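K.L.:
Below is the structure I would like to discuss, written out as structure tokens.
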Amino acid sequence: MADNNSYVQEDALLTFQKGFCQLSGDEAENEDINQDLEENRRRSVDEDSIYLGSTLSRSYQTEDLHHSPVIKMGWLDKSPPKGSLVFQKRWVMLDEQYLRYFDNEKEVYSKRIIAIASITHVLNVGGQKFAVVTRNRTFLFRSENNTVREEWVSVLQATVQQHRKRVEMSFMNVSDMSGQHNGGVSISKQGYLEVDGLRSKVYVVICADRVFLYRSTEEHNQGVGITSIEMNMVTVTSTDKRSFNITTFCRTFSFMAESEQQREQWVEALKACVGRSLSSNRVAQKIWAEEANQRCADCGAPNPDWASVNLCVVLCKCCAGVHRGLGQSVSKVCSLRTDEHLWTDSLIQVFRLLGNDRVNLFWAANLPPSEALCPSSDSEERLQFVTAKYCQGKYRNYHALFAKQEELNKALCNNIKTSDVLETLALVFCGADVNSYTGDPELPSPVSMAQHYGQTLQVEFLTRNHSTEIPGSRAGDQPVIKAALPVSHTGYLFKTASTTRAVTESKAKGDFSRRWCSLDQDNFSYYENEKSSSRSGGMKIGDVLCLVINPPGKHGYAHSFELYHDTGRVYLFGEDCPETVRGWTKAITKALVPPKAEVLVCWSFERVGRLRYTEGQHLHRPYLGWFSLGGSKLLFLHHEADQVQTIDLRKLQELSVHQEAGVVVLVCRGRSLRVEGDRRPDFRGWLSGFLQGSGRGDGPLEQQQLTNSDVPVIVDLCMSYITQYGLKAEGIYRKCGVNSKIASLLLSFRSDARRVRLKEEQHQVDDIANVLKRFLREVDGGVFNGHQASLPWLHTTSVSESKRVTQYKALLNSLPPVNRATLGAVINHLHCIQCFADENHMNKHNLAIVFGPTLFQTDGSDNNASQVIEELIQNYQDIFNVDAEKLQIKLDMISHVIKAQEEHCIETTLTICGVYVERKEQGSEVLVQISQAMTAEELVCEALRRRNIPTRQGDYWSCFLVDDNQEMERPMHYQEQVFAIYISLGKDDYLMVKRNGFMEAMLIYIAGRIEVSRNGLIHFREEKGQRGKRTFSRRLCVLSSTSLRLYKDVKNTQPERECPVHALRVYYGIKKKLQPPSCWGMTVVCEQVERDQQRWYLCCESKNELIEWLATFMRLQCKGDLWPGATKPVS
């Protein structure tokens, strides 16, 4: 009976199959249309498939290429379309999501892929055959025997049934293929693409971390495809304006989109797919364990896999992109999948403890339903909502202590002792200062207090918000200074489609469209033509972050400019007429830049705009500043200054880039400027400009990294090294070094000369000498600014000797500044070397033979080059206007070094120190050889001995560090080492040994005091350019064992300024230009931040008050040991 039923089912199915085959006109007519070709390659090709002839490498296992484990696989015969009686052998593979069949077991990509969700029946049809029935097609397979057939049918039926149960449980709709990919994961992109080598297009679907290929959109809907590509082992690259490749370990797929813009979208989506394939779900699963975190905190989208770690909200990809645009000082965004290394256990616990619902009780407590987002909201709506929610705090639940700073800080200090992180979040984002002083010297900050009480989650939250801007206080929410003058401009421009990335590739004229553009006040709009009433697009100029003028010829239109919008979009405009573009950029910058920053656009700049920055120690408070960049010059309008400051990027002491945070730090003349770009599209251009403008080793002298004296860093470092270690080297500059070491070191210099450190134990003198010669010989244009400019120098040798010096002076003055400074430095160096020819055997003639061809970049056949250099060395003082006394002092110092080296008495680094005794005048300077270990006391004793000055009881001789420019001086502690101080002296600084008139009074003051602190009212002023006032005002000054704190009022509990005691340097005196209220002043230099200084000016009412303050400072810094032999007070 059972057999009869099976036969009835088989007959019914065969009838159904025949009818279906007649209806399937879009199927291939014959799978084996060419039997000869079939025999040659021993496989057949379905016309409704793609032949992907790639075999599986032995180094890869099947499970490496598929997410789901393989349930069953093996050889089966398959009937081709239209039910032909000729079966072909196929390798068939089944997992819980798909049934696939391949030409053989080594193939990676299937001939067909059938979604389990699309299978309606799996039936026996007799003769060792079984059928897999989908909604629109039946696939007929034949096994080698009935037993194998029964196994396949049983496993397939069970797999289909299990899939249906999962779908029912998850309430998923299987009518669309989007619900069949990876268990319901949404599709990120789909559409038709041309495949290289095929006449027809294929339908490509990017879903989760795979790419699926179909013949058509109908097949996609039916759940029957060609193959899928696992994206965890591929690379995606653009190959042409419309083409791109997906390269796997065994083959390359080449696709072509309809346009360049479409190609960019596909490449971006594919790269995101690769990122998803490499990500981990470990963190996401833990975060999603809290049910509220399974929906986006802003729009409610399901399965959000991004988060703001300082705002404690879990976000979808769309909202996370908007958050990232706000900057890291507002929202620190990271992925739950790809940033697994950032997720500490305590951070995960914070998110599970709070959850989106609880956090929104604070962030969205007052959110009107009409302003709420939904998953379908567009980017503009998201930007407005997120800005209002987190930057302005528009919907937050205001704390009862809001606007009461002291009480908020106290409440924070009390709450962090508990486990209530949500209350801490509410306090912090209503104004509590996470860096406030707790009042406890042992636990001075909230973080240290939370650590003491073992509240690890509180510590995690506070640490993540160390520099977060409070809603309503960020620089971007402060009013931006607008242009006061009305601006209007109209005309035609050519425009490309806006993008979200910087335009790095050249755009052809065909990529531009002609648009009528109009600038009216703050509104910039563009139309189809000048008669159009509805605009095609536009923006407010106030929302423009940056304007960039491209170099001519970068794009199809000869002249072009770019506008970078606050939303992250980039607009490119062009024209062949330079006057047209110049008129537009002039009008836009006039509307964009405030009047007091007009100088920023009155020169040949390349880009102008506003950037967020911090300066000095105020890293937690960014400001908006206006910047203008062109070549090596950066113009900068301070947020509260009236004048534009200029930074020569070539003379930076340091340029460091933090790509991950979107930050670049510029250090110039001891001051640091930290520019934040928040990884916006315009910041890449700023960064590129900073790097190019800071000097490049393959350019001419004027484009090199420079010292403050306009000498290339590479030249200065090499000559300094030779002066210190090579003056006694016989034949210096004539001997050859090791070529490989010379080439390697020269490459390092050209890459970044600022980072090169020359060390005696690592570098040989002859190698350094040859690096200098090779650089001067190879530098573009040479020292004399090119071959043509060097000819008058060579012709000067034919002029009468009486006129040569005058001629050389005239030629020297005609050189560009950097060339002139470099030539002067080199000739000075050679002049010093020839003065010691008895030791190194290099007189001016020998040096000229070496450096003539080097500096003139000739082959050495012209003796005039050597003669010019010899005459420059011989007449160095007259031609370069060098003071004879200063030159002799330098030569004396060098002589001491050579003498010390000859006597082999230098065990450590030595140098000759010039120090004045009692006063700075001619004849009062003595030269003392100092080592790294020499103290100020030893230097004083040696200086007095050399001047034959006896010391008496009560004479407190000290070594002072004097700064003439700032009109201040600091007595060095007697145990302070002088070597590091001396080698870092500026041009206005010097050392002086004299009596310390305050020391006796200070010793008397501290002798009978037990308390090591002082406080009182004092006149205070900050250095110009800082955010304080420009006049002296009274402040409460509190000096304790740990810090110096200044309070605006005696009633205040929060200091206005603060600096640790160990970071202070106290000088006598205040610059008279600052008009101090009395002559009893001191300048306090705070050096808390490396390579950055801030000066505070403190003025006392009397001499005794000044002595008491100075004594307290010195006692705290040297722990009571003010003077050798003096009794230390009890501390």
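Positions of Cβ are set from backbone N, Cα and C atoms, glycine also.
Automated prediction, rather than curation, is the source of TrEMBL annotations.
Straight out of TrEMBL:
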- 69-161: domain 'PH' (DOMAIN)
- 186-275: domain 'PH' (DOMAIN)
- 281-407: domain 'Arf-GAP' (DOMAIN)
- 486-593: domain 'PH' (DOMAIN)
- 699-880: domain 'Rho-GAP' (DOMAIN)
- 915-997: domain 'Ras-associating' (DOMAIN)
- 1011-1118: domain 'PH' (DOMAIN)
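Provide an account of the burial state, proximal residues and distances for the features listed.
P.N.:
In the predicted model, the domain 'PH' (69-161) shows an average pLDDT of 89.
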K.L.:
How does the domain 'PH' (486-593) divide up by DSSP, counting helix, then strand, then coil residues?
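P.N.:
Here the numbers are 21 helix, 45 strand, 42 coil.
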K.L.:
When each of 69-161, 281-407, 486-593 is checked against the domain 'PH' (186-275) for Cβ pairs under 8 Å, which one has the most?
P.N.:
69-161
K.L.:
Work out, from DSSP, the number of helix, strand and coil residues along the domain 'PH' (186-275).
P.N.:
25 helix, 41 strand, 24 coil
